[in-house]
Amino acid sequence: MTKVLVVVALLVTLISYSSSEGIDDLEADELLSLMANEQTRAKACTPRYYDCSHDRHSCCRSSMFKDVCTCFYPEGGDNKEVCTCQQPKHLKYMEKATDKIKNLFG
């Protein structure tokens, strides 16, 4: 048991030391430029029921959950796969339930 405590204490010390050194090395200007670069990297999301075949992880979020890129083959015609951002039914029902609970107690 004492060995476990010693190892945990050592890990906590190492993590706190490394994080404090990393924060001290960054200046405020560098932090702001890093945040600006991160914001420019963010790409626009794909709205619900729009084509997401170009990037299947680009669907927008609803109020609680992220929509899912769902692919299917339409009936009739060609065998081309179509992908759209959709909200799964179980998540839709969960959002409706939480909204009703919020309205009940809100």
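Every residue gets a Cβ built from N, Cα and C, even glycine.
The signal peptide annotation in Swiss-Prot covers 1-20, and the record cites sequence analysis as its basis.
The disulfide bond feature in Swiss-Prot is assigned to C45-C60 (among others). A sphere of 10 angstroms centred on the C-beta of C45 (disulfide bond) encloses 17 other C-beta atoms.
Listed in sequence order, T46, C52, S53, R56, H57, S58, C59, C83, T84, C85, Q86 are the same-chain residues six or more apart from C69 (disulfide bond) with CB atoms under 8 A from its CB. The disulfide bond feature in Swiss-Prot is assigned to C52-C69 (among others); the stated evidence is similarity to another entry.
C85 (disulfide bond) has a Cβ environment of 21 other Cβ atoms inside 10 Å. Sequence annotations record features per position, and here Swiss-Prot assigns disulfide bond to C59-C85 (among others) based on similarity to another entry.
Feature annotation from Swiss-Prot assigns disulfide bond to C71-C83 (among others). Close to C71 (disulfide bond) in the fold, though at least 6 residues off in sequence, lie S53, R56, E81, V82, C83, each with a CB less than 8 Å from its CB.
Sequence-distant neighbours of C60 (disulfide bond) (same chain, 6+ apart, CB under 8 A from its CB) are C45, T46, P47, R48, K66, D67, C85.
The secondary structure of C83 (disulfide bond), as reduced to three states from DSSP, is extended strand. Minimal Cβ crowding within 10 Å, among the disulfide-bonded residues C52, C59, C83, is found at C83.
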